[in-house]
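Novice: Handing you a structure now.
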């Protein structure tokens, strides 16, 4: 016997929500999903009327659903926002070039302006070239650091007031787990924040409208809405540290479905004991970007690539920053240590 929608009681249910366990028809699921995102936006006061908002668009399910829902809610509830799409081309052949074609189709479908910035244009390197030099063990470190700064640079070009990203509940729970395993108190304090204020010149505030949306529900929403998105995983990501946290979280979720939200709420309520020394936020002496060291991570990684020292930005090499700033030559021992690459 068909199961009826637990919300309207009239139509046949087509899915069981992973988040609540309710059986819903398509229309009720769409309404529930969109209403929850709207409540997240309103409760956290993410936007102000008249703001220009850049949507970080990769062509994947999260950013495509984000673009679709943001446009829909902006019109439905009269947010008064000017929306734009912002994409980063990391230079990954067979992956990013294909996903950017999806973004270009999204631009036409949603009638939103699109700006694409590339690693090659900003840094003189593509991810394909970086992986050839550094191997596949730490390549995600380079990509993550460069992408964050590239989004800020693109946002400044577009003159947007805020960037919204497609980070979902699963992503945030994974980040909490990763920071606990690494003992990274500084990041643990801020990784659950739904928005970030401007942290300095050249840094655009960010927010996460999908913070409480389960990944499974985003997939279901995209599927039933027949949205146009790119579903292939990055060819360089299988060895990423995040993958281990994701596997652990999926195993945990199969036993306790509420574990994703439980971890997020735990992260939100964590506090740091008085007297614990925290990194002080400053600016990079070379490029002016935010940094707790004399050189930001992006400049250190770039210097390592340009010098043929791929491990310069991996691990703790802060004592070498002054040498880099003053263009002093490294000792033979330092160079030998920093040239070691594990493929």
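Every residue, even glycine, has its Cβ placed from backbone N, Cα and C.
Not my notes, these are from TrEMBL:
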BINDING   56, 57, 58, 62, 88, 166, 171  ATP binding site
DOMAIN    54-233  domain 'tRNA(Ile)-lysidine/2-thiocytidine synthase N-terminal'
DOMAIN    282-312  domain 'Cytoplasmic tRNA 2-thiolation protein 1 C-terminal'
Novice: Rounded to a whole angstrom, what is the largest C-alpha distance between any two of the residues 56, 57, 58, 62, 88, 166, 171 that the record assigns to ATP?
Specialist: 19
Novice: Across the domain 'tRNA(Ile)-lysidine/2-thiocytidine synthase N-terminal' (54-233), what is the average pLDDT of the model, as a whole number?
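Specialist: Its mean pLDDT is 92.
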Novice: Taking the Cβ of residue 62 (ATP binding site) as the centre, how many other Cβ atoms fall within a 10 Å radius?
Specialist: 23
Novice: Near the Cβ of residue 56 (ATP binding site), how many other Cβ atoms are there if near means within 10 Å?
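Specialist: Excluding its own Cβ, the number within 10 Å is 22.
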Novice: Please list the DSSP helix, strand and coil residue counts for the domain 'Cytoplasmic tRNA 2-thiolation protein 1 C-terminal' (282-312).
Specialist: 11 helix, 4 strand, 16 coil
Novice: Within its own chain, what residues at least 6 apart in sequence put their Cβ under 8 Å from the Cβ of residue 166 (ATP binding site), listed in sequence order?
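Specialist: For residue 166 (ATP binding site), the qualifying residues are 56, 58, 60, 62, 63, 65, 66, 208, 210.
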